[in-house]
């Protein structure tokens with residue numbers, strides 16, 4: 001099994017193969033990807049769709065001297081396997097294992113780290129210009145998907161690239177008719193009409209030379225009609241940017257891919273190759289449902305993904321989705337917005353029930369935020385469902401277009417804190433720090449499912465921009481209450497009180513997901529625990545009261561410490577004139593790698609044992625002195 005694949009330890013081995021061996025190699029590589037992902041979990045559909053393209057690129061180009069930048073990067077498992085990491089696939093996305101995304105520190109073949117969308121053309125152009133300035137003669141290649149082409153950054157880069165006539169730059173559009181959610185927008189809908197009559201007539205001589213090795217024009221026209229729904233933008237548009245447009249060609253046909261790429265190597269200036277692929281290619285279950293198989297956990301390939309038979313705790317994403325539908329049913333002004341993450345953000349049901357108030361704006365976070373601001377000016381109640389890590393991409397719009405005008409936009413911030421297998425690129429480590437410094441913002445952190453629901457309701461009632469952050473995955477098992485209750489603005493609650501005498505009284509001020517482990521630590525230490533709820537406005541009265549009645553304060557948050565929620569507590573304490581020793585716990589000042597979420601929290605000292613250990617080491621010389629019965633406040 002894998003007789004050919006076992007001989008490939010780097011692309012130089014691949015380039016020694018006869019062309020007739022490449023399709024059998026592709027079959028082995030696809031089977032290996034399926035087998036590997038079924039055992040570890042990971043991104044599947046996208047990787048099954050890039051097997052032949054990956055082989056062709058490494059076969060034709062002299063990697064790593066020629067640079068390949070993979071946009072988003074979750075489709076790079078075939079690339080990793082062919083570049084010396086075949087055996088490492090058993091550790092994929094596990095702690096101390098290989099990353100699920102390109103990583104410069106992992107391999108010289110990973111020329112640029114990616115995970116967020118639409119960055120590849122900018123990076124590849126920088127490499128191409130840098131190569132030219134250094135006197136090197138190498139190609140820089142950006143592989144970008146149809147979904148990623150909806151983002152403004154991709155077009156900004158193409159606008160810049162089009163005037164770089166002597167840059168050896170190739171942009172490959174991997175058109176697979178599927179981003180994570182289906183591609184949206186007018187460019188998608190009208191491609192066939194705009195392109196079909198003009199592409200060949202406008203083709204330059206260089207393009208015609210490349211096409212001479214591809215299928216005949218009539219066959220291309222047939223393929224164009226077949227795949228029109230998945231294509232993103234017309235050939236004429238790319239040519240207006242200054243690119244030679246080539247394609248579309250079948251991205252699973254090595255006999256088209258390889259000679260086309262070989263001819264492109266002889267051309268100068270920016271080239272644009274349009275390849276049509278199919279997500280899930282070669283595995284019928286993934287072909288039929290590429291969304292289900294986008295990022296599965298472990299499963300049996302022979303049986304496919306089976307629904308769990310054990311009752312699962314409700315996820316925070318589900319809590320949000322249910323709340324949004326309930327809120328929209330009660331108030332016709334509620335509008336839901338997602339930047340291309342309908343499934344991931346829990347908006348599938350909302351789209352079905354309220355299609356006229358559902359807006360998927362594509363991978364366009366900047367537009368999503370300003371669009372929401374515009375809706376708010378018309379008296380609507382926009383809710384932007386967005387991952388914490390992707391909100392970073394719209395920071396100026398958040399400040400300039402929403403907060404500066406004090407517009408009532410709700411930001412439902414999913415994937416706050418550590419996210420596990422996706423690692424540092426997707427972690428929501430910074431939102432508390434970068435939100436609390438913005439005037440007019442209200443910022444809340446949910447500690448359980450029902451509190452999340454009620455916080456979202458509270459946010460919708462505010463006359464200013466308001467954010468509610470919540471983590472990835474299942475909650476604590478707390479049942480949600482159907483009836484809505486508005487949480488008093490800027491007010492936390494004491495969940496447990498210490499019985500320790502003066503001199504040993506510790507108060508833990510916990511935010512969001514850190515309430516539960518803080519309570520566990522407090523049981524071991526007999527400490528007071530406050531669920532702070534609000535990062536902004538911070539409950540200054542509660543902070544100051546705890547400072548007056550306790551000897552030591554500890555703040556705990558699942559976010560960066562610098563400028564975060566703990567800093568808000570320290571500021572409030574200092575204003576009171578009562579100064580106590582403070583220990584601020586949170587994510588370390590480094591990028592936290594991928595791995596099991598519970599293990600990562602433990603390594604960061606943010607589980608119950610870790611919090612207790614840090615408190616003992618900082619404040620308590622004799623831990624046995626603080627053992628006493630727990631007292632919790634309901």
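A Cβ is built for glycine as well, from the same backbone N, Cα and C atoms used for every other residue.
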115, 116, 117, 147, 148, 176, 283, 365 show up in Swiss-Prot as binding thiamine diphosphate; which entry in 74, 79, 400 does that record put in the same site?
74
Taking just the CA atoms, what is the gap between residue 74 (thiamine diphosphate binding site) and residue 146 (Mg(2+) binding site) in Å?
14
Write down the Cα-Cα distance for residue 176 (thiamine diphosphate binding site) and residue 146 (Mg(2+) binding site), rounded and given in Å.
7
According to DSSP, does residue 147 (thiamine diphosphate binding site) fall in a helix, a strand, or coil?
coil
Which secondary structure state does DSSP assign to residue 365 (thiamine diphosphate binding site), in the simple three-class scheme?
helix
Note down the number of other Cβ atoms within 10 Å of the Cβ of residue 146 (Mg(2+) binding site), including every protein chain shown.
25
Measure between the Cα atoms of every pair in 74, 115, 116, 117, 147, 148, 176, 283, 365, the residues the record assigns to thiamine diphosphate, and report the largest value in Å, rounded to a whole number.
33
Out of 74, 147, which of the binding-site residues has the smallest number of neighbouring Cβ atoms within 10 Å?
74
